[in-house]
Amino acid sequence: MGNVPSAVKHCLSYQQLLREHLWIGDSVAGALDPAQTSLLTNLHCFQPDVSGFSVSLAGTVACIHWETSQLSGLPEFVKIVEVGPRDGLQNEKVIVPTDIKIEFINRLSQTGLSVIEVTSFVSSRWVPQMADHTEVMKGIHQYPGVRYPVLTPNLQGFHHAVAAGATEISVFGAASESFSKKNINCSIEESMGKFEEVVKSARHMNIPARGYVSCALGCPYEGSITPQKVTEVSKRLYGMGCYEISLGDTIGVGTPGSMKRMLESVMKEIPPGALAVHCHDTYGQALANILTALQMGINVVDSAVSGLGGCPYAKGASGNVATEDLIYMLNGLGLNTGVNLYKVMEAGDFICKAVNKTTNSKVAQASFNA
């Protein structure tokens, strides 16, 4: 739209949406705060009630919620696992102050997210950003209905996590032999032995354990990874007692085609209800890959607010799929997440300002720059 003023663009965009989708109007007004109602009124966006649609407006973000999904095979509810505080921040070169991390997590806890991965109980020699794991775990306010898992690569880390108050843990494996040696300094087989000790101890204490499989769609050292290899590692983790296996496109090279082939293989051994996907957006395929997974029966998705992240052992890998962008897509599909998009955007704005970064979320960029 060239040099058209942003306010005019805003009005034109909404008017186009009105012509194409016929929002409901007055019945929504009571659910909006005065500022949101004023914005809608000024943009002349209220229209007669049309059954089948509903609108939620947060700041400058308007999401059309379809009552019935427009695509087949999608779940009604999608659980979002927010990994920003751990996977998102671990690659930041400048150490983020502990009080900022705590405030960040507390803000995320007020968004409706039900799972927030808090930190990693790893050696500070390997991941300096996570050196304050105990202080962060003890410092956050744990909200009712929100789970706060932590990453524990070995038995020592597990015991430290439990002492700090952790009630859920995760272990981080790989489908690539080279990546396993670079990331956790041992072979896949050796890592499985360590994880078995951790998961066994966790089960003994009634602490749920989640398993990650990195490099599920490609490795920075080995290139392509066969679906069979991903299946083997996933089956081992599931068999030792991990209640959920998160399949990670660590370097973001996957496509809907490779996602489909990988999931078809893994789902022969593990039910879709025990699987999650964890997509990085290096090649801009994350949302497309997630949609493919949803259509195949997956209903758990990992993401990071503002698209935070990367990988210290995968040069050039971009951040995780942005939680804001994921929610926007899911809202548009009529899928319930229970998460407030605007509050997530606020949390993202907070952490980006704190670490002096620009958000990688397209939704946040479009909204805050409108």
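Note that Cβ sites are derived from N, Cα and C of the backbone, with glycine treated the same way.
Because the structure is a prediction, the values reported are computed rather than measured.
Residues annotated as active site in Swiss-Prot, with similarity to another entry given as evidence: Cys311.
In the three-state DSSP scheme, Arg86 (substrate binding site) falls into the helix class. Swiss-Prot lists Arg86 with the feature substrate binding site, giving similarity to another entry as the kind of evidence.
The divalent metal cation binding site annotation in Swiss-Prot covers Asp87, His278, His280, Asn320. Neighbour list (Asn320 (divalent metal cation binding site), Cβ cut-off 8 Å, at least 6 residues apart, same chain): Val83, Gly84, Asp87, Gly88, His278, Cys279, His280, Asp281, Ala286, Asp302, Ser303, Ala304, Gly307, Leu308, Gly309.
The domain 'Pyruvate carboxyltransferase' feature in Swiss-Prot is assigned to 78-345; the stated evidence is sequence analysis.
Sequence annotations record features per position, and here Swiss-Prot assigns N-myristoyl glycine to Gly2 based on experimental evidence.
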If you draw a 10 Å sphere around the Cβ of Arg86 (substrate binding site), how many other Cβ atoms fall inside it, taking every protein chain shown into account?
27
What average pLDDT does the predicted model assign to the domain 'Pyruvate carboxyltransferase' (78-345)?
96
Using the CB centroid of Asp87, His278, His280, Asn320 as the divalent metal cation site centre, which other residues of the same chain sit with their CB within 8 A?
Val83, Gly88, Gly248, Asp249, Thr250, Cys279, Asp302, Ser303, Ala304, Gly309, Gly319, Val321
For His280 (divalent metal cation binding site), what is the tally of other C-beta atoms lying within 10 angstroms of its C-beta?
29
Measure from the Cβ of Asp87 (divalent metal cation binding site) and count the other Cβ atoms within 10 Å, all protein chains considered.
27
